[in-house]
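Notes for the one structure printed next.
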């Protein structure tokens, strides 16, 4: 025992390990951990408070209570270390061992481990191939189980009830053996021959073809192979020995008043011991079977609730009826071991306080209250006091500090100098939520924060608190300074925009200064330089906004790269001239020579960063802030009631709207419109009226009349305070001003529907009681929404971080030339995101070629920065193939070239950057800004969306996309017959400017290659009906068109015209009526054939179509045969905001998903079933594929149409899994990126595409084995992509067949749980299931990701930690090689190790180089 302990001691010093392995403990293993058996349920003696011997807190088993002191007090002090007292049997050692020494309980009857029984799918059930219900009946003594059938016809593992058992015993006597309880299960497990089972199963797999069977067999096979590979015996799932947790981990604490607080585990252990002891006694007494059975069942239940209380049956409860916390509850959930103690620890040397604004600070500084600093830097102060000889001991130093002697403050100043501290504001949503600052000591108790970093922390000064942490070691200080100092983090990692942008007062001050006023005092004066302007301003000769001309000095670089002053004359204003003083060298004055709004200032800082570098930008931003504050104070801008100008036109607009509403009401009462239409119209009218009032108000606010110096009256931009605040972007928006001075407009009910009577008043006029009451709904809903949103957004971020946490840049270049071709993003003919924004900061995958000269303009592998992107713009290249994280070929992690620019630093990404976590934070951080609601599109909203034509927005040449197909009709019009036709407009350089979708049946008004001017109509169509157009000419022949059966005649009351409407066919007497269709016949009476085939043209009509041709009528190409009214489309609910993002990342299939064509081929319709129509696609080989489609679904294709694989054939939202299967990874990535971006763009949030791509890469990291070839995999098994590629490489190297596979798209939760690392998965969700599975497979965690390393308490393999881990591995390899060399030298005649395939044999398990820790 003692030898074992020494071994333990030595391990604890030098914790070098490379992996952690998990398995099932064998009874021998448990006994070897144990320091003695716990025999009694007693805990401590109630009088002496000493632990009882052999009890749950026994000192003999677990170690002494006090350091170096045995229980009876015979041996005390250090000199007796290691002695075992002969009186009380306690070893004299540190009391800390009570945290690590375990005991054990010898169970009188075996007990099944509940995790392997009840954690679904039941592992016991899988191994034994029995149902959970049957195993439970055996375990809880309700049934017998046959162990050895002997010569009888019974089967092994057969279940029989008591009566059956008695009958069979009478019949066969002792020929067979049957048991019940855990003994039976253990016997079954012990006698199972795993190797033979595996072989049988593999044989069955090859033989069977039924899907369900394959699935079942491969699941069982996986579990059995797990046992086989890991060397874990199946019978260990049934326990004979129960380990006992060290007592200090389940403490018993005396409270005052003689009561005790105890851990629930002690209760649970006590029950187990009591029942176990009772069972032992009953066995000795040879008690009747029925009593024993009952006692064994109770023991099983007691152990169950100790391991996982409440998993089976009713949970055990304590005295106060609350469920006891079992071992499983200790580790899972938010307050379990993983999330509470391992992933989130509280740290020393930290404090928190309220923050106040510190405008006098520099960007890298923060104000730290003296008292706080004194406490935080104590150890450093003690050290300095001792070095200076002012204190001899730590105690003396402590006294000095506590009495706050004057010398202490001087020392504090010294200690703090250049020692950065880290400030953190919760919630820390992205990496800018923790930044380092140099502390400046201040009086008072509040931390001072620099105003410009508030945006990054999302902090304001209404009572926010922040925490301070002190980095202690030199390395930590170094990293805090170089990587985390606020002045080094001036860009948002999400989009590369500056994060130190001025806001509010600063913006207002700068805006007010840089505005111009017509006819200001001293207008038109010429000044020689800025100092002259300053003098004139100080003497009151000019005002801030006066327009003047001034000569300014700017700096430009000459050939040598030196700054040369250049003088220019500028027409500008006084304020702008004064501001020009703070411009950094290298920025021209033109960037300042305009009214500075928030967006302009952001652009200014961005330009400064790109042109002048980090240092100058930080200084510039600081100066901008100081000027802004000063000038805002000088400006004295304030708000008065008079500033809210109510537009004069308001009354007229309201009167007109009321009149229109009355008109609609009249129509409704006379029955012309339905109530729904009336409601939609009313809402629409008021909505428009509200917008009109708002517009009139803004027009009135925006300008004011002034007299210029020539005495003419002109209008200039207004100096109205409210308008200036909104216009500059300092505070408020047009919508808010509209509520102050226009009208509040329409309000929503709690259920989201709009109340049709609007609030016509504004806040200046005041609301009446009804109006006030209506407004309360919206306000309350807003608050409730916010609370929900925060929780949901936090959970999304957690899942995202978990799925990407192990993605780190691990190498510089993977050498791939794959990538995605990036184009400008065009929607509805408008460029939403230009090409330059999409490729900025990426690496070119192939050479970018100048389209005019065909020369290489930019070589492959170049990082595209601002200058190169400008060049691409100038060259007119409209498509660039760039590297992307999705095509990166690095096995573990990503390479720097595929990722491109690190957005938060503005330069090439470094090896070791944790790009996964950054991506997750960038997507999760704006989550709280997204909406939570589902939009009902319909009613008023969708009417305006019915476009009926497209027009060009720019001059250029028309180009038809390859998908565009059309026919020319008799009038010479082009009629589109493609479902996904697109038109593009190209400019003179041949660059695509815009792209428009042309619906089926539209009249195309321009030709391919035609030059058009802006505003030209390209195509028009009827938005309310969808036509069916003939692609061939001939005479119409009706088929199955019978009045009253498949069609009905409709007569229009007004015009008297009759049309045929297709109705759902009535089946008469079991005769199945085919769908109504027409064929075309040529002059000879033969069917017209589809070009190039021998299919005849037949056009079938869906229900609801209006047939516009007559039987026998001649039709020409492009003529309309029928119309389908479009309002039949139901209004679809569109999921918006946060739920939509979550839905995309969870890869959920939408409920009415559209259907994509599985193959390329020709469409035809087969026989319909009752509720479904049968669609057949005949592929190019002539094989037909059938699909059944619900009748109410809208089919987008018609008979004889040729469709491409992956084209949408039934309308509905797309299913990402289908896109992946039929169109491949690139299309899927584009789909997810675009859809996620749509949600964020709606809220005005910018996120770089590559963050979303990184997440998609992680969602695609597993593959499905189709054919295992000569590999070890099982068909249908899901494995890590990297594992599969490695295995395939190995097999190919041996000239065998590699495995073939399909890509699998996993949602983020699924992907997190299916990672290689069981530690990471267990700490995320479903802890029990993950650990159970890992234990059976005997999994080994190589600690690759960040999370696993945090949990085991090592440096994470990212950033500086990556270098540390690489160096450590290299050093270990070197040492191993040196040891080997030394051994070779020592005995030169020993044979070299046998090598197989060029690799030395793995060392035996007991050699020290096996680095796995149990």
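Indices start at 1 and increase along the chain as displayed.
Glycine is treated like the rest: Cβ placed from N, Cα and C.
According to Swiss-Prot, the Zn(2+) 1 binding site annotation covers 70, 72, 85, 88, on the basis of sequence analysis. Feature annotation from Swiss-Prot assigns Mg(2+) binding site to 460, 462, 464. Among the features that Swiss-Prot reports, Zn(2+) 2 binding site is placed at 814, 888, 895, 898. The region 'Disordered' annotation in Swiss-Prot covers 1378-1414.
Shown are the binding-site residues 72, 814, 888; of these, the residue with the fewest other Cβ atoms within 10 Å is 72. Nearest to residue 72 (Zn(2+) 1 binding site) in space, judged by Cα atoms and limited to the binding-site residues 460, 462, 464, 895, is 464. If you take the C-beta of residue 70 (Zn(2+) 1 binding site) and look for same-chain residues 6 or more apart in sequence within under 8 angstroms, you find 59, 64, 76, 83, 85, 87, 88, 90, 91, 92.
Every protein chain considered, the tally of other Cβ atoms within 10 Å of the Cβ of residue 464 (Mg(2+) binding site) stands at 16. The binding-site residues under consideration are 85, 88, 895, 898. Their Cβ neighbour counts within 10 Å are lowest for 88. Taking CA atoms as the reference points, residue 464 (Mg(2+) binding site) and residue 814 (Zn(2+) 2 binding site) are 46 Å apart. Residue 898 (Zn(2+) 2 binding site) falls within a helix when secondary structure is assigned with DSSP. Rounded to a whole number, the C-alpha distance linking residue 460 (Mg(2+) binding site) with residue 888 (Zn(2+) 2 binding site) is 41 angstrom.
Looking only at other Cβ atoms within 10 Å, the busiest spot among the binding-site residues 460, 462 turns out to be 460.
Between residue 888 (Zn(2+) 2 binding site) and residue 462 (Mg(2+) binding site), the C-alpha separation comes to 46 Å. With respect to their backbone Cα atoms, residue 895 (Zn(2+) 2 binding site) and residue 462 (Mg(2+) binding site) stand 44 Å from each other.
Each residue contributes its Cα atom, and for residue 462 (Mg(2+) binding site) and residue 814 (Zn(2+) 2 binding site) these two points are 50 Å apart.
Compute the center of the Cβ atoms of 460, 462, 464, which mark the site for Mg(2+); besides them, the chain residues with Cβ within 8 Å of that center are 355, 459, 461, 463. The residues near the Zn(2+) 2 site, meaning same-chain residues not in 814, 888, 895, 898 whose C-beta sits within 8 angstroms of the mean position of the site's C-beta atoms, are 811, 813, 816, 883, 885, 887, 889, 890, 894, 896, 897, 899, in sequence order.
Same-chain residues that are not part of 70, 72, 85, 88 yet have a Cβ within 8 Å of the Cβ center of the Zn(2+) 1 site turn out to be 59, 71, 73, 74, 75, 87, 89, 90.
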